[in-house]
Amino acid sequence: MAGHLASDFAFSPPPGGGGDGPGGPETGWVDPRTWLSFQGPPGGPGIGPGVGPGSEVWGIPPCPPPYEFCGGMAYCGPQVGVGLVPQGGLETSQPEGEAGAGVESNSDGASPEPCTVPTGAVKLEKEKLEQNPEESQDIKALQKELEQFAKLLKQKRITLGYTQADVGLTLGVLFGKVFSQTTICRFEALQLSFKNMCKLRPLLQKWVEEADNNENLQEICKAETLVQARKRKRTSIENRVRGSLENLFLQCPKPTLQQISHIAQQLGLEKDVVRVWFCNRRQKGKRSSSDYAQREDFEAAGSPFSGGPVSFPLAPGPHFGTPGYGSPHFTALYSSVPFPEGEAFPPVPVTTLGSPMHSN
């Protein structure tokens, strides 16, 4: 304790004992414990003497003054788990008006919160949470209507023989916007957001009406399906044309737009087909070159088990082998560093005992 006090304060006690005599305290020396007991926050009331060593003695940072927190509403109290017992003499006084506005201390002795939550934010949260009862009833009614319509849509679709993809394509024919099969599936399963469900419901309602009244809707849907299938058809290139493209690629891997147009005219292909073919061919070349480089690196590094198998004899002693095989027992291992010629361990034969003989 004395060493700690000497390190924290630039005061040194006199060599002698206490008193007013020659062994008493010298002029300008102050007892650290007395000095600590009189210290208080700037602008605040001092703490009476005789309380004991302050927080600096125990190696704990002092509490900040009350005005450093939220407008003087904070309370500086002892922290939990530091080994200090709260004392009545260490409490700071607060005005009665600020005591109600401050943070209440926990009953279990935990440290209080530094500042209070603004009342305006709490009011805004309450206003968000508290909804108008009429609006909540309207939302619930709309949700029930959406659930009933989703069931009706699914029943109508299955009855007429439409798939979810057919419904999406038919919406594209009728309203100019194609919806995916996933969107229709999520609508029927009520997995879309409330806003998207409300937007999609009028379109699906018109689809139900058209499906009931228009008998040609199925044919329209089939025609649209064929058109979409044609759009997704893969382009096939003849072997002769592919060979010509390969030769041109070796000469110029990245042709310009004018060169692509000239190649398309010569080979009788579309410009987009030629352009896409060159793009795909460049990507294929990059992949093959990277694979070849990795293979070369692997061959240059060599196998981790270079060199031939090296035979090491087992420990001396009898080794029981399989009956009928009288060859010496050796363990074949692969050495990471091959032995030079003439330095390999010569195989040492070990006497092997065969099957035990039964004597009469």
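Heads up, the Cβ atoms here are built off N, Cα and C, so glycines get one too.
The feature region 'Disordered' is assigned by Swiss-Prot to 1-53 (among others).
The motif '9aaTAD' annotation in Swiss-Prot covers 4-12, and the record cites similarity to another entry as its basis.
The region 'Disordered' annotation in Swiss-Prot covers 87-117 (among others).
Annotated SUMO cross-link per Swiss-Prot: Lys123, in sequence order, evidence recorded as similarity to another entry.
The domain 'POU-specific' annotation in Swiss-Prot covers 138-212.
Confidence for the DNA-binding region (230-289), expressed as mean pLDDT, is 86. What Swiss-Prot lists as DNA-binding region is 230-289.
Look at Swiss-Prot and you will find Thr235 tagged as phosphothreonine. In sequence order, Val273, Val276 are the residues of the chain that are 6 or more apart from Thr235 (phosphothreonine) and have a CB within less than 8 Å of its CB.
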Summarise the domain 'POU-specific' (138-212) by DSSP state, stating how many residues are helix, strand and coil. 62 helix, 0 strand, 13 coil
Residues of the DNA-binding region (230-289) by DSSP state, where helix covers H, G and I: 45 helix, 0 strand, 15 coil
